[in-house]
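Q: To start, I am sharing the structure in question, which I have written as structure tokens.
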């Protein structure tokens with residue numbers, strides 16, 4: 001797995017004349033986006049966690065780009081005017097601690113090249129193409145094993161031409177170190193050394209393979225002719241190629257699984273791996289560390305919390321908590337104000353856990369005074385509740401409920417399946433001890449991984465609790481992973497890779513910005529509902545902004561099935577209500593849904609409703 005990249009962007013770009021006098025050539029725009037930003041987006045879509053950009057000329061452009069993409073680290077080559085690309089790579093080297101991709105900043109290319117390098121088992125690998133006739137080629141010479149033996153802009157200086165250097169290379173950290181050591185020796189006599197020169201020297205002692213893709217679509221933009229060729233011929237070809245690999249877009253307006261990006265879908269396509277390998281254990285540990293951060297404020301110490309993962313659904317994670325976190329001597333109070341609270345009560349009942357149910361309206365806010373009176377009886381050691389009731393979109397005020405429960409000495413167990421990563425939260429200030437969620441809701445991954453984020457002190461107390469469940473036992477799973485770096489049973493490997501990509505994309509967007517995007521979509525939906533004269537089940541001030549339960553129109557012409565099928569014809573999936581005594585349908589705006597897509601849906605909703613005489 002390649003997780004780091006370096007982009008060399010220190011050059012003056014003088015051959016592009018006035019176009020790069022006041023900006024770096026990486027900021028030439030093609031298709032409305034700077035070419036270096038296109039490269040950054042492609043790297044992120046291929047699972048790159050850290051992008052080190054070596055800057056020089058007009059470095060502030062890259063510093064501003066880093067504000068948009070948290071994965072970017074910029075490092076300025078202060079002597080950029082007097083050094084070659086190797087000088088810029090040298091200043092980046094200390095920020096690289098493992099194998100990485102090395103790219104030039106002035107490239108446009110088909111993203112298939114990244115996949116090809118990342119997926120290849122060879123550790124040091126140069127991407128090459130067939131003949132481009134660009135007029136500024138760097139030719140590569142190879143031996144019988146397709147390993148680099150020479151490179152030059154003068155093809156007559158080489159014995160054979162294996163391909164042309166693209167400017168994207170996969171290297172190990174040790175190879176980078178050899179390149180830097182060689183460059184250091186020659187600072188005085190070769191001050192303007194290019195990275196290719198140092199790589200060729202390293203190739204004398206380390207195999208550096210060449211991967212030639214004969215018809216690879218790319219262009220390095222060094223002069224105005226290159227730019228014209230890129231705009232007219234190369235870029236349209238790249239766009240066409242990448243569109244061919246795009247997955248058909250279906251906008252899921254159901255409450256989960258949610259719509260995912262193509263990059264999350266494609267993250268599942270990886271080389272087979274035994275989940276007992278250390279590399280996969282490292283991946284799971286990284287996920288555990290990252291997942292809890294989305295539920296904690298920056299000032300909260302993450303060492304006080306642990307993430308425990310299972311191959312299961314969100315309901316599975318709920319069952320983990322309920323069955324594992326209440327001792328035989330305890331008593332559980334379950335708040336039931338929707339199907340998911342009722343589900344937690346059902347789980348407790350099946351395990352015969354001593355329990356009472358606090359029943360409340362499915363669409364009106366909880367009576368907090370009545371709830372506190374129940375807490376004050378001091379009958380209960382544990383509280384189980386749902387943060388966001390997916391049945392209706394009702395958001396329970398956990399910032400009041402859980403601290404109130406803690407006041408009465410209760411351990412709090414929370415289903416945050418439909419709240420986590422959709423809104424900022426801090427388990428510590430909320431007073432949540434155990435929180436369940438899943439990979440397929442607001443974190444925007446694929447279905448298959450359930451997890452519990454635990455207050456570590458409370459988790460340790462469960463060590464001696466009765467083991468009511470084998471597969472879903474919380475402490476056993478936690479202790480086994482801590483000891484072996486493995487789960488007790490086979491994890492959903494490909495789903496874990498997709499979850500990793502979803503985590504990276506959540507870090508890029510941030511939970512706060514995701515909440516704002518979800519809210520923008522919700523505002524569009526609510527405005528359309530009101531304009532049509534439809535009614536929402538839950539008052540706006542008590543809604544989550546994630547899911548909206550809409551009362552079905554009172555006309556015999558209405559049919560949910562007909563509305564569902566009409567929406568499906570236009571690539572939208574909607575979901576029926578789950579309240580037995582109230583007829584509703586639900587529209588969710590979670591996942592990778594954009595405001596423009598919600599606008600398109602509301603147009604279709606209006607079209608259907610007007611067709612049956614509603615909102616006319």
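Counting starts with 1 at the first residue shown.
Here the Cβ of each residue, glycine as well, is placed from N, Cα and C on the backbone.
Since we're looking at a predicted model, the values are computed, not measured.
According to Swiss-Prot, the region '2-aminoethylphosphonate cytidylyltransferase' annotation covers 1-240. What Swiss-Prot records for 8, 10, 11, 25, 83, 88, 104, 105, 136, 153, 196 is CMP-(2-aminoethyl)phosphonate binding site. Summarising the annotation, Swiss-Prot assigns Mg(2+) 1 binding site to 106, 220, 222. Marked as Mg(2+) 2 binding site by Swiss-Prot: 136, 220, 222. Summarising the annotation, Swiss-Prot assigns region '2-aminoethylphosphonate aminotransferase' to 250-616 and lists a curator's inference as the type of evidence. Taken from Swiss-Prot, the feature pyridoxal 5'-phosphate binding site covers 313, 314, 315, 390, 441, 490.
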Q: Going by DSSP, give the three-state secondary structure for residue 104 (CMP-(2-aminoethyl)phosphonate binding site).
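A: The three-state answer is strand.
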Q: State the Cα to Cα distance, in Å, between residue 490 (pyridoxal 5'-phosphate binding site) and residue 196 (CMP-(2-aminoethyl)phosphonate binding site), rounded to an integer.
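A: The Cα atom of residue 490 (pyridoxal 5'-phosphate binding site) is 44 Å away from the Cα atom of residue 196 (CMP-(2-aminoethyl)phosphonate binding site).
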Q: Note down the number of other Cβ atoms within 10 Å of the Cβ of residue 104 (CMP-(2-aminoethyl)phosphonate binding site), including every protein chain shown.
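A: 24, counting other Cβ atoms within 10 Å of residue 104 (CMP-(2-aminoethyl)phosphonate binding site).
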Q: Can you tell me how far the Cα of residue 313 (pyridoxal 5'-phosphate binding site) sits from the Cα of residue 136 (CMP-(2-aminoethyl)phosphonate binding site), in Å?
A: 55
Q: At a 10 Å cut-off from the C-beta of residue 8 (CMP-(2-aminoethyl)phosphonate binding site), count the other C-beta atoms across all protein chains.
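A: Cβ-Cβ neighbours of residue 8 (CMP-(2-aminoethyl)phosphonate binding site) within 10 Å number 27.
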Q: Considering only the binding-site residues 106, 222, 314, 390, which fall within 10 Å of residue 8 (CMP-(2-aminoethyl)phosphonate binding site) when distances are taken between Cα atoms?
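A: So far as Cα distances go, the binding-site residues lying within 10 Å of residue 8 (CMP-(2-aminoethyl)phosphonate binding site) are 106.
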Q: In the predicted model, what is the mean pLDDT computed over the region '2-aminoethylphosphonate aminotransferase' (250-616)?
A: 97
Q: Which of 136, 220 (the binding-site residues) has the most other Cβ atoms within 10 Å?
A: 220
Q: Where the distance is taken from Cα to Cα, which of the binding-site residues 11, 83, 106, 136 turns out closest to residue 390 (pyridoxal 5'-phosphate binding site)?
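A: Looking at Cα distances from residue 390 (pyridoxal 5'-phosphate binding site), the smallest one goes to 106.
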Q: Could you give the maximum C-alpha to C-alpha distance in Å for the residues 313, 314, 315, 390, 441, 490 that bind pyridoxal 5'-phosphate per the record?
A: 29
Q: By CA-CA distance, flag whichever of 220, 314, 441 among the binding-site residues is nearest to residue 136 (CMP-(2-aminoethyl)phosphonate binding site).
A: 220
Q: Identify all same-chain residues not among 136, 220, 222 whose C-beta atom falls within 8 angstroms of the centroid of the Mg(2+) 2 site's C-beta atoms; report them in sequence order.
A: 106, 134, 135, 219, 221, 223, 226
